[in-house]
Amino acid sequence: MSDKVAVLVAGSWGTALANVLAANELDVHIWSRSPEQVLEINEQHTNSRYLPGMALSSHLKATADMKEAVTGAAAVLIAAPSSAMREVCRQLKTCIEEDSIVIHATKGFETESLKRMSTVISEEISRNESSIVVLSGPSHAEEVIRQCPTTVVVASGDQKAAETAQDLFMNAYFRVYTNRDMIGVELAGALKNIIALGAGMSDGLGFGDNAKAALLTRGLAEISRIGVEMGANPLTFAGLAGVGDLVVTATSKHSRNWRAGFMLGEGKPLDEVLSSMGMVVEGIRTTKAAYAFSEKFGVQMPIANQLYHVLFEQRDPRNAVEALMGRNPKTEMETMPLQTWEQWHT
Ligand SMILES: NC(=O)C1=CN([C@@H]2O[C@H](COP(=O)(O)OP(=O)(O)OC[C@H]3O[C@@H](n4cnc5c(N)ncnc54)[C@H](O)[C@@H]3O)[C@@H](O)[C@H]2O)C=CC1
Ligand SMILES: O=C(CO)COP(=O)(O)O
């Protein structure tokens, strides 16, 4: 197998993951649509817009020519925002090698079609969806680039492809587990961003740790409910892509979703919040998708639904909290996904 790996695109996550691969002495070629960014990565070994103050491996090569990045690569890692995935894959289709494995690290949905990222990729590059690998888990780019200990999961319907991805990324500070529940890992990674927005909003409103714990726990319950309905293994939500990523995103100041939620909780309007971020905040689009999933599958997602009203219908966040707290009394167990591990396996 060639030791060349291509990474598409050079945002925070693509750059941090490319740096892990370069640390593993692979021949890493990162593609960016920005010639200025390519020049900066190649000459100064930095990506100051997305990872300010951090030095990148001098072995990392950048190019604005996707064909050059992808030709001869054993693996292609895509870390594009969900909104750009289809467009990036349309370009990739024209140059990808037949036998290179495709890994994606994007946490979101195509909002118009409600498709998962592996579906979008497989449609565009004409590959079987089960051959795609998704990389997810609690992993802020800002900490991965500093080589802080990090654990992630790679999931695929093709165990061999998942193991290849595991081998490519695994090192002393980046530990990789495999999982065969690609649907669950994709859903968990995307949906936790909604709860992180809510947790930020709760903090911005001045609420305390009780409210945050409630959001995380009840958030995980609704993510698991919809996930199981959409074909996921319920245990995936107890793993790195589920509770692991939920905790890190809903409690870390590195999180763009938490930060956006915090500003919204402080009363700033959505357009002002988004223009001040300068980076992708996937949870906004994902809230729209979750609202549609909740209707489509008839699954209650009270937190996502209230966030939808706040984000897109100008509901006051305090009214959203009142609506959540004032719902009909329930038993806790009736709100949990019913399938067990054994049922999922039959
Ligand atoms: N930053 C992080 O710590 C992590 C991010 N992710 C996920 O990775 C994905 C990407 O996020 P980030 O890298 O953080 O975003 P970012 O905002 O840091 O960078 C986005 C990059 O995408 C490029 N881009 C946007 N539209 C494009 C297009 N049409 N064609 C080519 N390039 C385009 C931008 O130029 C920029 O380089 C998201 O789904 C995010 O949820 C997942 C785990 C960690
Ligand atoms: O998914 C992430 C960490 O695992 C990154 O979250 P944010 O997009 O909120 O920064």
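We number each residue from 1, going along the chain as drawn.
Note: Cβ is positioned from N, Cα and C throughout, glycine not excepted.
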Additional site residue, Lys107, Lys115, Lys288 [criterion: listed by TrEMBL with Gly137, Ser139, Lys192, Asp245, Ser255, Arg256, Asn257 for sn-glycerol 3-phosphate]: Lys107
Of the candidates Ala75, Ala80, Ala141, Ala221, the one that TrEMBL places in the NADPH site of Ser12, Trp13, Arg33, Tyr50, Lys107, Arg256, Val280, Glu282: Ala141
Cβ atoms near Lys192 (active site, proton acceptor) (within 10 Å, other residues, all chains): 34
Candidates near ligand 1 among the binding-site residues Ala141, Ser255, Arg256, Glu282, judged by a Cβ under 6 angstroms: Ala141, Glu282
Spatial neighbour of Ser12 (NADPH binding site) that is closest, considering only the recorded positions Ser139, Ala141, Lys192, Asp245, Ser255 and their CA atoms: Ala141
Across the domain 'Glycerol-3-phosphate dehydrogenase NAD-dependent N-terminal' (4-161), average pLDDT on the 0 to 100 scale: 98
Maximal Cα-Cα distance (Å) across residues annotated as binding sn-glycerol 3-phosphate, namely Lys107, Gly137, Ser139, Lys192, Asp245, Ser255, Arg256, Asn257: 16
